[in-house]
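> Below is one structure. I have some questions about it.
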Amino acid sequence: MTDAKISIRNLFKIFGEAPQEALAHAKAGMHKAELLEAHRHVLGLRDINVDMQEGEITVIMGLSGSGKSTLIRHLNRLIEPTAGKVVVNGENILDYGDARLRRLRRSNMSMVFQKFALLPHRSVMENVATPMIVEGAKKNDYETEAAKWLDRVGLQGQGAQYPHQLSGGMQQRVGIARALTSNSDIMLMDEAFSALDPLIRTDMQDLLLELQRELRKTIVFITHDLDEALKLADHLVILKDGEVVQQGEPQHILMHPGDPYIVDFIADINRARVLRARTVMTKTTDPVPVDSEVSATATLEEVITQGGGNADLTFRVMNRDRQVGVLPMRDVLAALVATQGVERTEAPAA
Amino acid sequence: MATYDWLFDSTGLRDWCDGEGGSSAPMSMADLMSQAGKAPDTSVWQTPFPSMDALNDACASFPQARDLTRGLERGFLDIKDSLSVVLDPLTQPLSWALEAALWLFQTTPWFVMIPVLALIVAVISRSARLTGLILAAFGGLAFINYYDYAMQTLAIITVCALIAVLFGVPVGIAMSRSDRLERIMIPVLDMLQTLPPFVYLIPLIFLFSVTEPKLYGIAVILYAIVPVVRLTNLGIRMVDPEVIEAADAFGMTRRQKLYGVQIPLALPNIMAGVNQTIMMSLAMVVIASMVSAPGLGVLVLRGIRNLELGVGLVAGFGIVLLAVVLDRSTKAALARVNAVQKG
């Protein structure tokens with residue numbers, strides 16, 4: 001069907017006493033508020049279709065109640081859907097029996113939780129080794145492997161501690177190490193950094209990106225924080241009231257928000273820090289007179305800093321020593337207020 | 001004339017009432033007075049509730065309240081024999097266990113028993129003060145010649161509390177896993193807990209011979225099992241759902257989840273239940289002395305029956321001492337479980 005690692009097809013989830021009845025209404029076009037009003041059923045997810053590519057970070061973003069945590073729990077069937085398909089590695093996991101589902105959870109998917117969800121009565125080492133202990137490994141078998149991942153997340157020598165002796169940030173490092181120990185190729189992260197304070201959150205995001213460069217896992221990351229989403233995402237899915245409002249490459253969503261809801265959503269972010277040169281540049285490989293060079297992945301903030309505040313410069317945008325486009329400073333400045341620009345240019349057309 | 005004659009007259013049941021010949025009940029004062037020809041003037045204000053007895057006045061065939069209790073008694077006696085056939089062999093091991101424990105606790109000489117008890121407490125509590133308290137308590141009881149009685153009580157509690165925990169924890173676990181079982185069990189537990197302790201004894205006396213230890217053993221266990229069942233159920237249900245979710249997400253089986261996550265995390269609550277179970281078996285073992293349970297309760301009973309104030313008070317004080325010792329020891333064990341789990 002597709003070569004995506006995980007693909008979700010026509011997924012519905014309805015909470016209530018007679019979900020199948022309510023499902024018919026939802027399929028007929030009812031949305032969350034109407035369904036609750038008319039039939040006393042809560043629409044968790046409505047007609048979700050998302051493809052998650054191997055080796056990418058897919059970020060699912062939405063405010064509380066948007067169904068993002070419900071959605072991620074469908075990927076390892078902690079929640080059963082009302083209708084639809086979840087295809088992982090080409091197999092519909094909803095057809096799985098108990099034993100096959102356990103194998104999926106043990107070897108294909110691991111999960112990191114918002115409130116860490118470590119086992120308080122087990123040491124850090126045992127917590128990190130949980131996936132191996134579940135498989136029946138003894139202390140000798142798991143010790144080196146668990147220690148390796150503890151080192152990798154920066155917790156050398158903390159194995160003998162108990163979770164409550166660690167700070168929140170360190171506990172979540174244990175959570176990540178635990179997920180890595182399972183050696184699964186898919187990692188589900190449910191608001192993994194939301195309970196941490198901002199500085200530590202930034203650290204953890206950097207840690208995740210660093211690990212990801214090395215391990216190339218398929219990561220599904222849930223967050224309500226747009227800055228975090230933009231920093232991590234290769235593919236961004238925005239949920240609202242259980243429905244996908246827009247999905248795509250984050251830079252693309254920023255430049256072309258497809259819905260007033262998203263326009264509102266992205267209105268408050270620091271665009272200079274998020275938008276990159278390659279997104280705003282004019283694509284050309286023709287040599288043109290330029291003042292300076294910037295990297296394709298440089299943020300606009302870096303471009304402005306490099307220009308020293310001069311608004312008349314033009315940059316050559318480089319990707320691995322090859323020119324991929326040019327970027328006049330005027331476009332940089334225009335992009336900083338582009339949200340309104342998009343609306344203005346679209347309004348007369350409509 | 002009785003108040004509710006009209007009821008039977010109007011429904012055409014009068015024939016049925018008179019058919020089986022007069023009331024079987026002895027005459028009441030009201031009957032006598034009406035026979036004497038001086039029927040009392042009854043005003044509306046004195047209208048009796050249409051109870052079984054009032055209706056019996058109007059209709060002799062209608063059963064009296066005492067027929068209800070007598071019927072219950074007869075019913076119980078009818079099934080008693082077949083019930084005994086089933087229950088006797090099932091509960092026989094309890095008698096053996098109690099007899100063995102009583103024998104063991106009483107034949108072990110004091111200079112072995114007291115140090116062993118102190119050692120056990122020292123190991124589970126790691127507290128020198130508590131160990132000292134144990135030595136002082138049993139030394140004191142032995143000094144006033146109450147040692148044997150205290151040991152009998154302790155032997156019964158040991159067996160009964162152990163069995164209560166052995167059955168109570170699995171029942172609590174089963175309850176925590178099935179909402180339906182919980183709905184069924186909660187009223188049963190409520191009843192066991194609120195039923196006056198004496199009431200347990202009544203059917204047991206009919207079922208078993210008073211000379212058998214299992215008679216009081218069952219009464220103590222039934223009374224004491226409630227808290228450990230309740231708190232095991234509650235403890236497992238209160239385990240952080242996120243941790244359970246994590247256990248599921250990493251593919252634990254139900255068994256791995258139960259033994260690796262739920263029971264260890266519920267352990268503080270389960271231990272609190274064990275503590276309560278021990279306390280309640282101590283309370284019941286005193287009452288059970290009315291049905292031949294040996295121990296300090298016998299002395300309390302003697303104090304009441306023979307008005308031996310001193311004996312009753314000292315025995316009561318001995319029970320308090322035993323309670324303090326048991327409570328402190330189990331709480332110390334509980335505190336150590338807590339210390340391991342969270343700080």
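From the backbone N, Cα and C atoms, a Cβ is placed for every residue, glycine too.
Features from TrEMBL:
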- B:100-123: transmembrane segment (TRANSMEM)
- B:130-147: transmembrane segment (TRANSMEM)
- B:150-330: domain 'ABC transmembrane type-1' (DOMAIN)
- B:153-176: transmembrane segment (TRANSMEM)
- B:188-209: transmembrane segment (TRANSMEM)
- B:215-232: transmembrane segment (TRANSMEM)
- B:278-301: transmembrane segment (TRANSMEM)
- B:307-326: transmembrane segment (TRANSMEM)
> Could you check if the transmembrane segment (B:100-123) is in contact with the transmembrane segment (B:188-209), meaning 3+ Cβ pairs under 8 Å among residue pairs at least 6 apart in sequence?
no
> Restricting to the same chain and to residues at least six past its boundaries, which positions have a Cβ under 8 Å from a Cβ of the transmembrane segment (B:153-176)?
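Distant Cβ neighbours of the transmembrane segment (B:153-176) are 94, 97-98, 101-102, 104-106, 182, 185, 216-217, 220-221, 224-225, 228-237, 258, 262-263, 270, 273-274, 277-278, 281-282, 285, 288, 293-297, 319, 322, 326.
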> Counting Cβ pairs under 8 Å to the transmembrane segment (B:130-147), which of B:188-209, B:215-232, B:278-301, B:307-326 comes out on top?
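Result: B:307-326.
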